[in-house]
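See below for the structure under consideration.
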Amino acid sequence: MKAKLLVLLCALSATDADTICIGYHANNSTDTVDTVLEKNVTVTHSVNLLEDSHNGKLCRLKGIAPLQLGKCSIAGWILGNPECESLFSKKSWSYIAETPNSENGTCYPGYFADYEELREQLSSVSSFERFEIFPKERSWPKHNVTRGVTASCSHKGKSSFYRNLLWLTEKNGSYPNLSKSYVNNKEKEVLVLWGVHHPSNIEDQKTIYRKENAYVSVVSSNYNRRFTPEIAKRPKVRGQEGRINYYWTLLEPGDTIIFEANGNLIAPWYAFALSRGFGSGIITSNASMDECDTKCQTPQGAINSSLPFQNVHPVTIGECPKYVRSTKLRMVTGLRNIPSIQSRGLFGAIAGFIEGGWTGMIDGWYGYHHQNEQGSGYAADQKSTQNAINGITNKVNSVIEKMNTQFTAVGKEFNKLEKRMENLNKKVDDGFLDIWTYNAELLVLLENERTLDFHDSNVKNLYEKVKSQLKNNAKEIGNGCFEFYHKCNNECMESVKNGTYDYPKYSEESKLNREKIDGVKLESMGVYQILAIYSTVASSLCLLVSLGAISFWMCSNGSLQCRICI
């Protein structure tokens, strides 16, 4: 019996068999991704698809400087507010930057007709030619062109007026009827602006225009309107009780525009031949101009990124990532990062892909760890790793290419009377934005799930490849490991890794060792049966002796009486 127990203990203590394990790479990465089924999965490698940073500056767009209006609004710039004179030298720009609260707009109070539409038109203009449509000195010989100034449009402390308009007044006590036309020979659209003066009282009307009733008529192929001055007292704005209403039209190449009036005309002086450019726009921003270049400009600042999505601002100009409301869009490229606990032993927690990855394997995603008499070591499976890298890289590039539709997204212009339309437009835009955000997030979740499943499948395939080679020359011991029934030196280990393992060569040795182990198991089973019987009998005897002793003690002290009746 003692000899049999000794054999059993010796057999159980033998743990020096050669072993090979299949596992995967792990590192100290803290990157986390979300999948359809899980959140915050730690992975070895990932790529960010969402840009959330900017430089806080206005930059040149593709090397072309923007038109920074400074303290001027679009209206002040295009009408020629004297305080905006420094902007007249700007002939071309990449985009127009306007501050939220521009001081210099329409210096003489009044209504600017279709102002939001004009802004929309100018948002697609990248350059223009400013030219005299009606030269000041020779176009109006019967009218005064110098006295039409006002303190509300002062410049350097003196009364002045818009630099692109002429306020025609009476000359030598009369204001003759006028008729002036212009033919567009610029081969481009020409922007023409004019105004109609509405005095606050009849005395001003007579003093300036020498008549009580007046009209202004403007006609072209696409525009036909007749204006009648409205003489009325109004609240003072910028010191004025009168008003000037401002109007504009786009004159097509070859078209003619005709002005007729007998008073109250604020005549065009300069007009603009427009050149439209793709990617231009108007942004409202407090950011300052800087010496920098970018491909994408937002009101918050410039974005220099090739990522497909951004959450900086919905208004963009240039080649910009698509705006989404997401706070995180990270796509996994590596594996689940579950580093094994080194202290639990080589073939314990770090044995394979079931319990964790290997931080010691740094030259590939999947691979092997072996242990034999010659030592131990890691080796990556380069073929499966490279195939996985190629597949995932192509997928990531494809996703970025499909979603990376870069474009300009500018805000739409609405006036105060179009509030319901603006609110409806915002709801529609919000709906599209929600769809874009949902699609982007769902795409990333699905692709992350597929990538992690892909890695799991690759590890399993590598495991099955080894298992199919070894067959019954080794046994599975869990954790992705196999224990050989034969000695396997480094050459043998290498053959398993590269798929050239010679099964017949090791079959006989494996068979003998397998039978020896099976014999020990059978003998051990017999020993266990004897031990079980012995233990049962010994336990029963101990129980009977204990019961007898208790009964004798109870009878001796009278606690238990035994009567035998015959």
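Quick reminder: no glycine exception, Cβ is built from N, Cα and C everywhere.
If you compare Asn304, Asn557 in Swiss-Prot, the N-linked glycosylation site annotation sits on Asn304. Between Cys107 and the candidates Cys59, Cys72, Cys153, Swiss-Prot records a disulfide bond only with Cys153. Of the cysteines listed (Cys59, Cys72, Cys84, Cys492), Swiss-Prot assigns Cys59 as the disulfide partner of Cys292. Rounded to a whole number, the distance between the Cα atoms of Cys488 (disulfide bond) and Asn304 (N-linked glycosylation site) is 56 Å. Counting in whole angstrom, Asn27 (N-linked glycosylation site) lies 36 from Cys296 (disulfide bond) by their C-alpha atoms. Looking at Asn104 (N-linked glycosylation site) and Asn28 (N-linked glycosylation site), their Cα atoms lie 58 Å from each other. Cα to Cα, Cys84 (disulfide bond) and Cys107 (disulfide bond) are separated by 11 Å.
Separation of the C-alpha atoms of Cys153 (disulfide bond) and Cys72 (disulfide bond): 13 Å, rounded to the nearest whole number. Of the recorded residues, Cys492 (disulfide bond) and Cys296 (disulfide bond) place their C-alpha atoms 58 Å from one another.
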